Ligand code: MD6
Ligand code: FE
């Protein structure tokens, strides 16, 4: 019984899904880190609570966000950018914990992106109904480093598009513990998240949490 459960775990953790060259989903990769991540998140959100930011077009984002690391991704009426200061507190963002760095580096290395040194971790909190429209991640200074995206809690349908906005996106289900890494030829692919369906997860309740690790500067 124990052995077969263990084998299931290993199988689940090693399942890789390549969406296109440079874009890989590592199903269940973050499961062994789940408790450590959620503990670190409590400290982050104590100092830098989740908030809904406004897009340059004046829309309130349905996703609530915060950051940790040397830089945080922010948006307001003047644009999207990275900033070392949290505009809500006027202070630096919370420190990126060693376990976050290790998780991001291990995931990147296991997909062929060695020496990934994230300096920014954007943390998103989705309630049912929250969504993220198709976009490219291009506020980072150079596009050599990959994006490492960790999904926790209730499932999402991730939209994985191409290099042009009009390229029809694939739908990829991301569930608790899945990590998606994209870089190299896939670095500037369009992506987004469909409106989250109501569900409940034992560790996160009715939320989906997403961590995206980047090298911003
Ligand atoms: C996700 N987030 O939440 C993916 N990109 O699953 C993103 O792709 C993203 O939340 C750029 C800026 C903010 C984001
Ligand atoms: Fe993105």
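Cβ coordinates are placed from backbone N, Cα and C, and glycine is handled just like the others.
As written in TrEMBL, here are the features:
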type    : residues      : note
BINDING : 135, 137, 191 : Fe cation binding site
DOMAIN  : 117-217       : domain 'Fe2OG dioxygenase'
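Residue 135 (Fe cation binding site): 12 other CB atoms within 10 A of its CB, across all protein chains. Mean pLDDT, taken over the domain 'Fe2OG dioxygenase' (117-217), works out to 97 on the 0 to 100 scale.
In this structure, the binding-site residues 137, 191 were compared by how many other Cβ atoms lie within 10 Å of their Cβ, and the smallest count belongs to 137. Look at the domain 'Fe2OG dioxygenase' (117-217): DSSP puts its residues at 3 helix, 44 strand, 54 coil. One way to see the shell of the Fe cation site is to take the Cβ centroid of 135, 137, 191; the remaining same-chain residues with a Cβ within 8 Å of it are 134, 136, 189, 190, 192.
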